[in-house]
Amino acid sequence: MRVYQFCRPFQLFTCFLCYLLVFVKANKEKISQKNYQVCAGMYSKEDWKGKIDPFISFNLKKISGLSDESDPGLVVAIYDFQDFEHLGVQLPDEEMYYICDDYAIDIGICEEENRDEFIVQDVVYDPYTSTNRSLANPIMTFSQNEVGLHDTRYPIKETGFYCVTAFRSSTSTKFNAVVNFRNAYGQLAGTEINKLPLYGLLAVAYVVAMALYSFAFWKHKHELLPLQKYLLAFFVFLTAETIFVWAYYDLKNEKGDTAGIKVYMVFLSILTAGKVTFSFFLLLIIALGYGIVYPKLNKTLMRRCQMYGALTYAICIGFLIQSYLTDMEAPSPLILITLIPMALALIIFYYMIIRSMTKTVIYLKEQRQIVKLNMYKKLLYIIYASFLSVLAGSIVSSFIYVGMNTIDMIEKNWRSRFFVTDFWPTLVYFIVFVTIAFLWRPTDTSYMLAASQQLPTDPENVADFDLGDLQSFDDQDDASIITGERGIDEDDLNLNFTDDEEGHDNVNNHSQGHGPVSPSPTK
């Protein structure tokens with residue numbers, strides 16, 4: 001019994017739209033009787049230089065259930081996506097007939113020499129442009145019923161989005177095949193090759209930014225805040241992580257999707273989980289006033305932040321491991337076991353950051369700590385701007401394709417899709433982190449700002465504070481304030497996520513006398 005001979009006009013196109021969500025991210029892709037179509041972006045040798053001529057090959061790994069020796073097994077078509085409308089012929093009853101068999105030959109819609117191949121029309125009517133349309137590139141079609149690599153490769157002469165479709169001749173036939181989308185430059189898929197130079201440039205940018213921050217760190221090494229040490233350590237981590245990402249794409253382009261590359265990918269995912277988790281953790285302790293509003297956080301509160309960060313990190317790792325163990329061709333709802341907790345953990349993290357940041361800003365405003373208040377306002381603006389930037393990237397990309405018809409959009413989307421979904425958020429993250437690090441960088445005054453009380457803006461209270469207070473710290477006083485070893489009342493730093501434990505009400509509104517400032521929470 002022949003199958004897939006008839007099909008409604010929109011069904012084949014619907015399949016392509018579905019596959020846009022999971023199109024090839026490597027140069028080789030498996031297809032079977034369940035997933036019989038796959039597409040990938042391909043570059044011509046003129047557009048992206050390389051050692052070989054780009055091609056698409058079809059390798060049948062397994063086939064069973066053939067009805068007899070004359071059974072053609074599989075009927076395969078390799079073509080440019082924009083030519084998909086040229087496949088098949090519409091019958092008088094408006095059904096589409098795709099395969100050239102006895103029936104198709106009898107009614108005259110194909111020739112005997114094209115038996116057991118896809119029916120291809122050289123000119124078709126394009127409903128999107130309301131014009132007749134010719135083939136943009138040749139369509140290669142053949143049948144195969146034996147295991148092995150097909151002896152003819154499909155050459156890529158023009159950059160485009162190419163597809164492979166394999167129809168089985170009977171419902172009992174089962175098969176597995178591998179399609180190799182081989183570009184001239186190496187093993188990377190066309191959708192990923194642009195990441196190689198971009199992540200290389202990003203790694204260089206991280207190195208330069210880290211060097212500048214490290215210079216400021218070294219220059220003021222005797223006037224450092226614990227927060228600035230956190231920032232430098234995270235700078236080193238982010239720089240190394242970006243270099244590892246660039247190295248991953250470079251190795252994958254040279255070696256292909258090997259077992260070692262898969263292990264490397266898992267390693268990168270673990271680093272990414274650490275990047276996300278520590279970013280939230282760092283923002284949380286900054287939002288709580290660590291290093292600027294308070295010399296240090298209460299040990300219990302800091303331990304809670306660290307434990308929650310570790311829990312979130314473990315959940316992210318669990319999700320990534322499960323996602324790698326899950327068959328993407330047959331996704332399971334069991335992935336929700338780790339996906340939902342991860343989403344909830346990050347949402348809670350975000351809520352705590354915004355809530356703590358808002359309370360800190362209100363507190364600084366009430367205490368009229370203008371310099372510190374401006375720092376935290378800038379941080380809030382940076383956070384909001386980052387969200388708007390990511391959102392703007394998606395909106396702009398959507399508007400770019402609004403004026404295109406569906407085929408043109410698909411033909412061009414694969415080249416730039418990675419930038420919106422992958423690299424643009426990474427670039428925004430880099431800009432945000434560097435901006436925050438610059439805002440909290442070591443300076444001649446940053447240490448004194450964190451360990452001193454600011455002159456009140458209320459004229460009635462000016463006499464309560466003297467600028468000589470800032471100059472009364474000796475080295476021992478400075479160390480005691482930062483380490484918390486001198487005169488710290490546990491209640492003064494008893495910060496928590498509740499209103500009563502936030503710690504803002506425990507701060508002295510004015511300094512008393514002209515001695516060293518008490519190591520209670522500073523303003």
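Each residue, glycine too, has its Cβ placed from N, Cα and C.
Computed from a predicted structure; not experimentally measured.
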**Complete:** Per Swiss-Prot, the phosphoserine among SER130, SER169, SER480 is SER480
**Request:** Going by Swiss-Prot, point out which residue in THR129, THR141, THR498 is annotated as phosphothreonine.
**Result:** THR498
**Message:** When the topology given in Swiss-Prot is taken at face value, are ASN253 and PRO333 found on one and the same side of the membrane?
**Reply:** yes
**Fill in**
From the set THR152, THR300, THR443, THR483, Swiss-Prot tags as phosphothreonine just THR483
**Among ASN132, ASN298, residue that the record in Swiss-Prot marks as N-linked glycosylation site** = ASN132
**Request:** Could you tell me whether the transmembrane segment (418-438) and the transmembrane segment (231-251) have 3+ CB pairs under 8 A, leaving out pairs under 6 positions apart?
**Result:** yes
**Fill in**
Counting only residues at least 6 beyond its ends, the same-chain positions whose CB falls under 8 A of a CB in the topological domain 'Cytoplasmic' (219-230) are 282, 285-286, 290-292, 295-296, 440-444, 446-447, 450, 482
**Request:** For the transmembrane segment (266-286), name the stretch out of 198-218, 334-354, 382-402 with the most CB-CB pairs under 8 Å.
**Result:** 334-354
**Asked** Residues of the same chain, at least six outside the topological domain 'Lumenal' (252-265), with any C-beta under 8 angstroms of its C-beta?
**Response** 26-28, 185-188, 192-193, 196, 324
**Item:** Other CB atoms, at most 10 A from the CB of ASN132 (N-linked glycosylation site)
**Value:** 9
**Request:** May I ask for the residues of the chain that lie six or more residues beyond the transmembrane segment (198-218) and have a Cβ under 8 Å from a Cβ within it?
**Result:** 224, 228, 231-232, 235-236, 238-239, 242-243, 245-246, 249, 423, 426-427, 430, 434, 437-438, 441-443
**Message:** Using Cβ atoms and a strict cutoff of less than 8 Å, what residues sit near the transmembrane segment (382-402) while being 6 or more residues removed from its termini?
**Reply:** 283, 357, 409, 412-413, 416, 420, 424-425, 428-429, 431-432, 435-436, 439
